[in-house]
Ligand SMILES: Nc1ncnc2c1ncn2[C@@H]1O[C@H](COP(=O)(O)OP(=O)(O)O)[C@@H](O)[C@H]1O
Ligand SMILES: CC(=O)N[C@@H](CCC(=O)OP(=O)(O)O)C(=O)O
């Protein structure tokens, strides 16, 4: 498989990512692997909103985003979180460059269908792959905050799983790794919660319908299904706390849950 991959780092796990995770990232980069990071930060946004006394709620996993909320989302994602990831990568000895989707018009967005209900939440309409490729060509790991912009200059809050899937599709990478706080997609089998080694899109639909997949896992599997219908061959969901997780996901497989298109191709 090709050396480039997109990695989505979820806010659920960012603060707990061990130093070893960043060491592995550096070692992989030294071996010629080219990661692109898209990050979330949902819990940190909620914490800042609470501190500022701004109410925040979610509709179908997406944050209702007023102008006031959007200011905080951008401040936390493009500011604090992006900077923290870049710093940790630099401390490990690799080079990283932080970007928001607004920078250079990297992520173009349009309002989601139910914008009257949830405000400035965006769907990705385009990604300037050439900008990301330029950063990679300079041997910097691009670290991207999921804020989008439209032609009028309006900013949008984009779910980080959605943004990562769109970046993977537009770059045309073969693999996306989704790093979160659980070791994969889990299902209760014979009274015991187990990690499923792989699932097809048909199985995912069944698990959403049955309630086995819920909450924050839904945007992940939806983004995965959308991109494996394009050039991306597999999406792997893993825990950032599992030792050696990156090397295993990139080199060996057999870690987390692998999502592939159903037999016979995707719709
Ligand atoms: N079938 C499932 N297997 C594992 N986790 C699931 C499943 N369905 C829902 N989840 C939930 O999804 C969460 C991960 O999503 P989220 O909290 O949004 O993480 P992130 O910040 O990494 O995007 C898990 O902690 C778990 O509570
Ligand atoms: C529209 C929307 O819901 N945006 C998310 C963006 C951050 C995110 O997705 O972070 P995680 O990956 O940590 O969940 C939010 O405001 O929380």
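Including glycine, each Cβ sits where the backbone N, Cα and C put it.
Taken straight from TrEMBL:
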type: BINDING; residues: 41, 42, 63, 157; note: substrate binding site
type: DOMAIN; residues: 4-239; note: domain 'Aspartate/glutamate/uridylate kinase'
type: SITE; residues: 8; note: site 'Transition state stabilizer'
type: SITE; residues: 220; note: site 'Transition state stabilizer'
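When the recorded positions 8, 63, 220 are compared by the number of other C-beta atoms lying within 10 angstroms of their own C-beta, 63 comes out lowest. Neighbour count (other Cβ atoms within 10 Å of the Cβ, all protein chains): 27 for residue 157 (substrate binding site). In sequence order, 10, 11, 12, 63, 160, 216 make up the list of same-chain residues 6 or more apart from residue 42 (substrate binding site) whose Cβ falls under 8 Å from its Cβ. Non-local contacts of residue 41 (substrate binding site) by the CB criterion (under 8 A, 6+ apart in sequence, same chain) comprise 11, 14, 76, 77, 80, 81, 145, 160. Ligand 2 lies under 6 Å from the Cβ of the following recorded positions, listed in sequence order from 8, 41, 42, 63, 157: 41, 42, 63, 157. Max Cα-Cα distance over the annotated substrate binders (41, 42, 63, 157) is 12 Å.
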